[in-house]
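S.K.: Have a look at the structure that comes next, please.
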Amino acid sequence: MPERRNVYFYHPMDTSMKEKVEPLYDLAQRYGFNIVKDYKDANIVISIGGDGTFLQAVRKTGFREDCLYAGITTSRKLSMYCDFQIDDTSKMIEAITNEQIEVRRYPTIDVTVDNQFSFKCLNEFSIRSAIIRPFVMDVFIDTLHFETFRGDGMIVATPTGSTAYNKSVNGAVVDPMLPCLQVTELASVNTNQYRTLGSSFILSGDRQLTLKVVQDGNDHPTMGMDNEALSVQHVESIHIKLSDSKIKTVKLKDNSFWEKVKRTYL
Ligand code: NAP
């Protein structure tokens, strides 16, 4: 990758991690890469840890469209966002010496809370009752009032996030080549008064999902952007749509989305 030379490593800073990552810093320098201390100077961001570290690396560096992201796992197994194992330096060398590196692009979603706070998610936006009581939301697809939800909460997942929280609650696994968002319920209460679809549904990238939290006292749900909780205490409305920006990762021989699904789950 001749045009990309500035690497930012993102990893926990503890002593045991320092020992593990030093050989990677040396390797990068040996192959002519500059290791930058400020992620704003980088055009390659490498996370070292697990999928959670990769999600944090993308968030802390601002979902950069002009960067190539790569995940190195410290565990024995490769995962959904980590295509390199920390001891497998030959695979890393093969990738960094490739003159014409190809990229995979992962869709992200844009979320706006109460028309005030906006952020992106790579896995999912989640909203859950913070107390042991269901809460109520009106769900709109574009301007259509689709359903009134009562239950524990909802997950709005990206295609790459479809294998995470979404999958644990029976959502479908979605190919990231389909730019879309998936809406999955968490324990809906279905009665004659409140009725929801009951199954996950997938919205095209041209649609907007709006959640309006009914202000009945239980309107302080917990909201999550990937693996980080939102500090917002109270919410009325949330707008969610597919983002124009995508996260670029390295395309390798063995890391198509379905190969990753197979290596992780089957
Ligand atoms: P964590 O508690 O350390 O681990 C959650 C697990 O999810 C880990 O095994 C992680 O992989 C895996 N994971 C993360 N993103 C994934 C993806 N896109 N596809 C498949 N597996 C994925 O938390 P974390 O590592 O920071 O991950 C945060 C994610 O956990 C959230 O974004 C949410 O999707 C998920 N989550 C799941 C549940 C559930 O399934 N009931 C509940 C809450 C949150 P690694 O081992 O490689 O890190």
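Using N, Cα and C of the backbone, Cβ positions are placed for all residues, glycine too.
Any TrEMBL annotation is an automated prediction that lacks curation.
Sharing the record's features from TrEMBL:
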type	residues	note
BINDING	Asp51, Gly52, Asn123, Glu124, Arg150, Asp152, Thr163, Ala164, Tyr165, Asn166, Lys167, Ser168, Ala187	NAD(+) binding site
ACT_SITE	Asp51	active site, proton acceptor
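Have a look at these and tell me how they're positioned relative to everything else.
M.R.: Arg150 (NAD(+) binding site): 20 other CB atoms within 10 A of its CB, across all protein chains.
Around the Cβ of Asp51 (NAD(+) binding site), 22 further Cβ atoms fall within 10 Å across all displayed protein chains.
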S.K.: Listed NAD(+)-binding residues Asp51, Gly52, Asn123, Glu124, Arg150, Asp152, Thr163, Ala164, Tyr165, Asn166, Lys167, Ser168, Ala187 - what's their greatest C-alpha to C-alpha distance in Å?
M.R.: 31
S.K.: Let me know how many other Cβ atoms fall within 10 Å of the Cβ of Lys167 (NAD(+) binding site).
M.R.: 17
S.K.: Under a three-state reduction of DSSP output, how is Tyr165 (NAD(+) binding site) classified: helix, strand, or coil?
M.R.: helix
